[in-house]
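Everything on this sheet refers to the single structure shown next.
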Amino acid sequence: MTDGPRQRSSTTGSAKDAAGEKESGGVALKKEIGLVSACGIIVGNIIGSGIFVSPKGVLENASSVGVALIVWIITGLITAIGALCYAELGVTIPKSGGDYSYVKDIFGGLAGFLRLWIAVLVIYPTNQAVIALTFSNYVLQPLFPTCFPPESGLRILAAICLLLLTWINCASVRWATRVQDIFTAGKLLALALIIIMGIVQICKGNYYWLEPSNAFEPFQDYDVGLIALAFLQGSFAYGGWNFLNYVTEELVDPYVNLPRAIYISIPLVTFVYVFANIAYVTAMSPQELLASNAVAVTFGEKLLGVMAWIMPISVALSTFGGVNGSLFTSSRLFFAGAREGHLPSLLAMIHVKRCTPIPALLFTCLSTLLMLCTSDMYTLINYVGFINYLFYGVTVAGQIVLRIKEPDMYRPIRISLIWPVIYLIFWAFLLIFSLYSEPVVCGIGLAIMLTGVPVYYLGVYWDNKPKCFDAFVDKMTYLGQKLCVVVYPAETGSGGGEEGEEMKEAMSPLSKEDNHKSGDC
């Protein structure tokens, strides 16, 4: 961990200033993400394999079909409120990095670093590894109809999936967004098929579990603790709604397309989740649904006959797109962290011609491949899921703090403060319940996060490191630049003043030379 060149970390600079920076002749991230691709990033990252494989987490805790559907609707509405808060923050602090950038600017470097630390260490590597393994499982399952695919085969195919998608993301932003668009469209078509089949079932009179008297008939006793757990499961199912904020700087017209993509995507996902679950109960009883290990596959076997193969292929396509979206957005988080000096400065560089953050992408891929070699990734996800949710609330609370600290700051979008308050009430309820129901798991998650405190003070806060250490880091950075053919983006130093001068001083000779030669991407 090294103190790389730093951006302005205060929020006193207005969004207008950030938006109005002059384009220089150097290498820069391309603004290639339009509205359709922006919606693809949000929808593609929220809808993974869960709605196809195991939407039963909500149902088994809600205790009835009716309550489960209410939970899906309410969690969708709460997610929309959280996304509204992030939309305001995204256009007020128009920097890539999402909640990391907002927490760092509002609450300071240590808070931001802890958000980045837990993401780098556990959250993204484990999530990407699990999604890749789900993809390989559904691809290999037809080859092993009578048994489980071999573990080694699953991990090798998952690694191939990760390497292929990393190569695509390194090659071109446009290629990566096209992959995301295509696979998001594919999973939406598969879910549309499920919903249409559900409508056909209702037209045939198969809606026993949707009649109010039956929908609210509990298959186990109602329990406040279990219903709270259903809300927690529902909230996790909408995870990924904030991912577009990680790539703000690559959005075409972010002041328009960031909020517009959120307004389109979150209601769309909520609609799909609710009506897919309605469709499932037209073909399966709650008991059958809970007993199935792959709900969409069971649904397809019941209703699609010889075309039942569509469902496992849909799950594979969905997870493939999910890996691509996660690689794309998480690499921008690491890129933003390095640019602020919270990760090695090499990760803040982009290719001189392709304008992609190749070091950050390779780092993301390598950390995920390492997770594939471990057997404890599912345990780690349980430990840090609480921390991930914790930072959602901290970020939304930061919106209120920023309103108080910087009341005159330029805000292209300004929502009523009642919305962050509503979100925080719901967030606090789930957080307290999590602590009460699983104190050990939450405690271990907090402990993992707090290991970042000494790393921050040694790697970031400590300025006067030994000269031999700085020389070693410079040599490694220079070597990495040569291998990846990368330099610092021109925007990093384009703000003028002391920050721009610090960046110019920090750039290695290779960066200066290549930035002069390369021209804009």
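Quick reminder: no glycine exception, Cβ is built from N, Cα and C everywhere.
What TrEMBL says about a protein is an automatic prediction, not a curated fact.
The annotation transmembrane segment is assigned in TrEMBL to 33-53, 65-91, 112-136, 156-176, 188-210, 222-241, 262-283, 303-323, 358-380, 386-404, 416-437, 443-462. TrEMBL lists 493-521 with the feature region 'Disordered'. Among the features that TrEMBL reports, compositional bias 'Basic and acidic residues' is placed at 511-521.
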Among the ranges 33-53, 112-136, 156-176, 386-404, the one whose Cβ pairs under 8 Å to the transmembrane segment (65-91) are most numerous: 386-404
Distant-in-sequence neighbours of the transmembrane segment (112-136), which means Cβ under 8 A and at least six residues beyond its ends: 48-49, 53, 99-101, 103-105, 149, 153-159, 161-162, 315-316, 319-320, 322-323, 326-327, 330, 333-334, 337, 340, 342-343, 364, 367-368, 370-372, 377-378, 380-381, 383-384, 387-388, 391, 394, 448-453, 455-456, 460
The transmembrane segment (303-323) versus listed stretches 33-53, 156-176, 222-241, 358-380, 386-404: most Cβ pairs under 8 Å: 33-53
Close approaches to the transmembrane segment (262-283) from elsewhere in its chain (Cβ under 8 angstroms; 6 or more beyond its ends): 35, 39, 42-43, 46-47, 51, 55, 58-59, 65, 68-69, 72-73, 76-77, 79-80, 83-84, 86-87, 188, 191, 194-195, 197-199, 201-202, 206-207, 209-210, 237-238, 241, 244, 289, 295, 299, 302-303
Within-chain partners of the transmembrane segment (443-462) [C-beta distance under 8 Å, separation at least 6 from its ends]: 1-3, 109-110, 113-114, 117-118, 121-122, 341-342, 383-387
